[in-house]
Amino acid sequence: MATKFPKFSQALAQDPATRRIWYGIATAHDLEAHDGMTEENLYQKIFASHFGHLAVIFLWTAGNLFHVAWQGNFEQWVAKPLKVRPIAHSIWDPHFGESALKAFSKGNTYPVNIAFSGVYQWWYTIGFRTNQELYLGSVGLLLLSCALLFAGWLHLQPKFRPSLSWFKNNESRLNHHLSGLMGVSSLAWTGHLVHVALPASRGVHVGWDNFLTTPPHPAGLTPFFTGNWTVYAQNPDSPSHVYGTSEGAGTRILTFLGGFHPQTQSLWLSDIAHHQLAIAFVFIIAGHMYRTNFGIGHNMKEILDAHRPPGGRLGAGHVGLFETITNSLHIQLGLALACLGVATSLTAQHMYALTPYAYLSKDFTTEAALYTHHQYIAGFLMVGAFAHGAIFFVRDYDPELNKNNVLARMLEHKEAIISHLSWASLFLGFHVLGLYIHNDTVVAFGQPEKQILFEPLFAEYIQAASGKAVYNFNVLLSSSTNPATIAGNQVWLPGWLEAINNSKTDLFLKIGPGDFLVHHAIALGLHVTTLILVKGALDARGSKLMPDKKDFGYSFPCDGPGRGGTCDISAWDAFYLAMFWMLNTIGWVTFYWHWKHMTIWGGNPGQFDESSNYIMGWLRDYLWLNSSPLINGYNPFGMNNLSVWAWMFLFGHLIWATGFMFLISWRGYWQELIETLVWAHERTPLANLIRWRDKPVALSIVQARLVGLVHFAVGYILTYAAFVIASTSGKFA
């Protein structure tokens, strides 16, 4: 007899109802809950899956390289990066009629999809110039992908499975990850930038055929070994340097110029190389700090145990944290996701403000798409961090081990933490909404001069301190007599000051009352999301209603007062509610970024400054005005090359709206629905020939909410993606 799905749970496999399938899918990745799972086996399975994850990433990147080389126009784009629109891939679609074939055809090619991912600018900056190089890169990544898949398989074989003690050897792991993963990889990337990318930016091709015979600097390695390192920073590219050619090119490879290359409006490659080298140096040193084989260096347990507050009135400090974190994968994952979430959000900010890739800042749609993309990813990562923090408290937290330490004390005064967050959220919410509504009311009644408009003085002061001259604050870097200004004048400051005060760059945009209001609206969203997540995690193990619910698990729903009021203590429900707040908060962030930039790019920043002070301005002058290209993508009179985005805009709305059917429901409703469907199925000719072995039962409350949430999130993001791309490329094609 064939084993029923899921093999990892005997109890589920024997369930006679359809919940066997849904619970099987839901718990497929909950490895620690599988039958016969030991701690060692759990670590080994997760370790092996990392190789699979990396293989998928490299396979995906290989696909990008391959399709651009095969169907793109990379070489034409390299010749004229500001005139040619980059092609992602061809479109072969039987639905295309004559007008669509024309609309989606560029330069006598077959219909194509335009690339808004920034890969052209990235590959160009790091030294790619021909399709053949793209093909080679693709094949290389494909081979690497295969090697990683093999490595994943190999590490599941009995002889090659690492032991549990190997996984829990924190010092060795830290040393290897810091030195190897971060340090050596940064050093390798510095090498690539210096040996391949920089010469390419100066018109010198370096490939597999000549990389050993083409030194990146005319002085070779002599200055390195003689300690005369300043030679590498002499003779810079001139301001008139034509990127990708030797015209105006210098020879320096490691610099501290500050600002941007005048032609490409991207960071100087030699500055990036210098930065990457510094990171490599710091991390390689850091990777030699922890005590392993030689009995020297730091010991993590000693460091944590030594962190006890003086005076003894603040408890046991970090005692117990070493064992707690070492033995809990959930808290490790939570910390990693939180760090990665912050890094991803910072990437979104720096990708446009300090553009690293040549000509990226001239491709407005790509810039907008990359910002939106990275902010949404950051949101999901951050919510995931808190979700795993809550699971840690349910599954892994040991009150005895953590007695009176920082974790225990945080739990003991959680009411204070939650109430303070609540007060901050209430203050922000009432004041921000009150200001917006006041402004809407006076504008509606014909007295716009009575709006309450705050000048963001503190933010302007910070911008001025960083060198922004427009506010006339004369402080720190915007003061010519300040010691900081004098100190930096010989090195990076002239380039930086030129960049920060140049109206063509995105570095510290001029701000006003509209920015002040939306900043506080975003702060409201962040604080409420944090409140929900923090409360969900701190109450995950128990609350006033249920002092300890360790055996209750993590993913039970808030189900109203009928079952004893589980809304107070459901960590899963907190995660679920926080997802909506996270999505809406990032909506405010991306709306703000996109609208402000649309007005700057269009040469009319005054539109944002005037209309962003009241809600109707946002609805009318941002959403409605910019959705016109989408609404007119196709109509009774024909279509244009935005029609696919227009259709996706509609499709996204439909997915989003479908979510509400699952969100506004309860378990009895689902049971009735499924039984009605079964009844109809069994009485319909032909359909009743098909039977299923499992008895159909309703979705659980958690499952229905998850289905609703997925529709809400996917529909929401698809809708906004289509809006950003079509509205920006429609205006700035």
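Glycine residues also receive a Cβ, built from the backbone N, Cα and C atoms like all the rest.
The DSSP secondary structure for CYS558 ([4Fe-4S] cluster binding site) is coil. Taken from Swiss-Prot, the feature [4Fe-4S] cluster binding site covers CYS558, CYS567, and the record attributes it to sequence analysis.
Positions annotated as chlorophyll a B1 binding site by Swiss-Prot: HIS653. Counting only residues at least six positions away in the same chain, the Cβ atoms of GLY715, THR719 sit under 8 Å from the Cβ of HIS653 (chlorophyll a B1 binding site).
Taken from Swiss-Prot, the feature chlorophyll a B3 binding site covers MET661, TYR669. Counting only same-chain residues six or more apart in sequence, the Cβ atoms lying under 8 angstroms from the Cβ of MET661 (chlorophyll a B3 binding site) belong to GLY708.
Within 10 Å of the C-beta of TRP670 (phylloquinone binding site) there are 18 other C-beta atoms, taking all protein chains into account. For TRP670, the entry in Swiss-Prot reads phylloquinone binding site, with the evidence type sequence analysis.
Non-local neighbours of the transmembrane segment (46-69) in the same chain are 31, 87-89, 115, 117, 119-120, 123, 131-132, 134-135, 137-139, 141-142, 144-146, 148-149, 151-153, 155-156, 162, 167, 329; each lies 6+ residues outside the stretch with a CB under 8 Å from one of its CB atoms. Among the features that Swiss-Prot reports, transmembrane segment is placed at 46-69 (among others), with the record citing sequence analysis.
According to Swiss-Prot, the feature transmembrane segment maps to 134-157 (among others).
Annotation comment: Swiss-Prot describes 174-198 (among others) as transmembrane segment. Away from its own ends, the transmembrane segment (174-198) comes close to residues 125-127, 206, 211, 216, 253-254, 269-270, 272-273, 276-277, 279-284, 286-290, 292, 300 of its chain (Cβ-Cβ under 8 Å, at least six residues beyond either end).
According to Swiss-Prot, the transmembrane segment annotation covers 272-290 (among others).
Residues or ranges marked as transmembrane segment in Swiss-Prot (evidence: sequence analysis): 329-352 (among others).
When Cβ-Cβ distances below 8 Å are used as the criterion, the transmembrane segment (368-394) is approached by residues 116-118, 328, 330-331, 333-338, 340-342, 344-345, 347-348, 351-352, 529, 533-534, 536-538, 540-541, 549-550, 552-554, 571, 574-575, 578-579, 582-583, 585-586, 589-590, 593-594, 597, 717, 720-721, 724-725, 728 of the same chain, each at least six residues removed from its ends. Taken from Swiss-Prot, the feature transmembrane segment applies to 368-394 (among others).
Outside the transmembrane segment (416-438), and at least 6 residues removed from its termini, the chain residues within Cβ reach (under 8 Å) are 410, 451-452, 454, 517, 520-521, 523-524, 527-528, 530-531, 534-535, 538, 613-615. Per Swiss-Prot, transmembrane segment is recorded for 416-438 (among others), and the stated evidence type is sequence analysis.
If you look at the transmembrane segment (516-534), the same-chain residues 6 or more away from its ends with a CB under 8 A from one of its CBs are 383, 386, 417-418, 421-422, 424-425, 428-429, 431-432, 435-436, 454-456, 459, 574-575, 577-578, 581-582, 584-585, 588-589, 592, 612-613. Under the heading transmembrane segment, Swiss-Prot lists 516-534 (among others), citing sequence analysis as support.
Sequence annotations record features per position, and here Swiss-Prot assigns transmembrane segment to 574-595 (among others).
Residues 100, 103-104, 627, 629-634, 704-705, 707-712, 714-723, 725-726, 729-730 of the same chain lie 6 or more positions beyond the ends of the transmembrane segment (642-664) yet place their CB under 8 Å from a CB of it. For 642-664 (among others), the entry in Swiss-Prot reads transmembrane segment.
Per Swiss-Prot, the feature transmembrane segment maps to 706-726 (among others).
Cα spacing between TRP670 (phylloquinone binding site) and CYS558 ([4Fe-4S] cluster binding site): 17 Å, rounded to the nearest whole number. Taking only the Cα positions, the spacing between TYR669 (chlorophyll a B3 binding site) and CYS558 ([4Fe-4S] cluster binding site) is 16 angstrom. In the three-state DSSP classification, HIS653 (chlorophyll a B1 binding site) falls within a helix.
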